[in-house]
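A.B. asks: Dumping the structure here so I can ask a few things about it.
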Amino acid sequence: MKKIPRIGVGGPVGSGKTAIIEAVVPILIKLGYRILVITNDIVTTEDAKHVQRTLKGVLIEDRIVGVETGGCPHTAVREDPSMNLAAVEEMEAKFPDTDLVLLESGGDNLTLTFSPALIDFFIYVIDVAAGDKIPRKNGPGISQSDILVINKTDLAPYVGASLQVMDDDSRMMRGKKPFVFTNCKTNEGIDDLVHLIRENVLFDTEVSKESA
């Protein structure tokens, strides 16, 4: 069976992890990729149901599954990812034609990381509403994720946050690692995020042609 790349999508509660997934999946599907989505919640499968409703007619429900972790979000994706590994392996066996798995963690804090046994690539999502100080607070999600997503840019004027400060601090904390500003209501930055996924995870040769 082919090795299917897996992206872990993590971040604090309410940062927009589910919205990011719901924004990128239709674009990836339109480009011809076959996707699986696995979400984590502590005592429900609400995120999975939300994705199923939002992507109805775009991604069949059977390709979206929720995992009830019953405990700390980071435990289920880092210290003991066995439930998620079982879910991923079951879904990959059911849909062997899959090109990409998107695995959303439960909402956690800036220390969230994923077990390398579970994912190949890490996207960390923060939101502007939490304040422009978040990037300089650092943490593994800020500095070590493969892509940092700074979501909800439209809220900056309402919370007194400076996008320029967040940009400067993200560059300082991440060095050359990519980050992208997004607004899921307008799709601002979503094409850029999809481009990074195609280039760095799916190794799509068409991306370099498009950039030329």
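Positions of Cβ are set from backbone N, Cα and C atoms, glycine also.
Okay, so Swiss-Prot annotates it like this:
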BINDING   GLY11, PRO12, VAL13, GLY14, SER15, GLY16, LYS17, THR18  GTP binding site
A.B. asks: Excluding GLY11, PRO12, VAL13, GLY14, SER15, GLY16, LYS17, THR18 themselves, which residues in that chain have a Cβ inside 8 Å of the centre of the Cβ atoms defining the GTP site?
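C.D. replies: Apart from GLY11, PRO12, VAL13, GLY14, SER15, GLY16, LYS17, THR18, the close residues are GLY107, VAL125, ASP127, ASN151.
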A.B. asks: Given the binding-site residues PRO12, VAL13, SER15, GLY16, which one has the fewest other C-beta atoms within 10 angstroms of its C-beta?
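C.D. replies: VAL13, out of the binding-site residues PRO12, VAL13, SER15, GLY16, has the fewest neighbouring Cβ atoms within 10 Å.
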A.B. asks: Just to confirm: which same-chain residues, 6+ apart in sequence, have a Cβ under 8 Å from the Cβ of THR18 (GTP binding site)?
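C.D. replies: Once residues fewer than 6 apart are set aside, THR18 (GTP binding site) is near THR39, ASP47, HIS50, VAL51, GLU104.
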A.B. asks: Using all protein chains shown, find which of the binding-site residues GLY11, GLY14 scores highest when you count other CB atoms within 10 A of its CB.
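C.D. replies: Compared across GLY11, GLY14, the most Cβ atoms within 10 Å surround GLY11.
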A.B. asks: On the three-state reduction of DSSP, what should I expect for PRO12 (GTP binding site)?
C.D. replies: coil
A.B. asks: Taking the Cβ of LYS17 (GTP binding site) as the centre, how many other Cβ atoms fall within a 10 Å radius?
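C.D. replies: Around the Cβ of LYS17 (GTP binding site), 27 other Cβ atoms lie within 10 Å.
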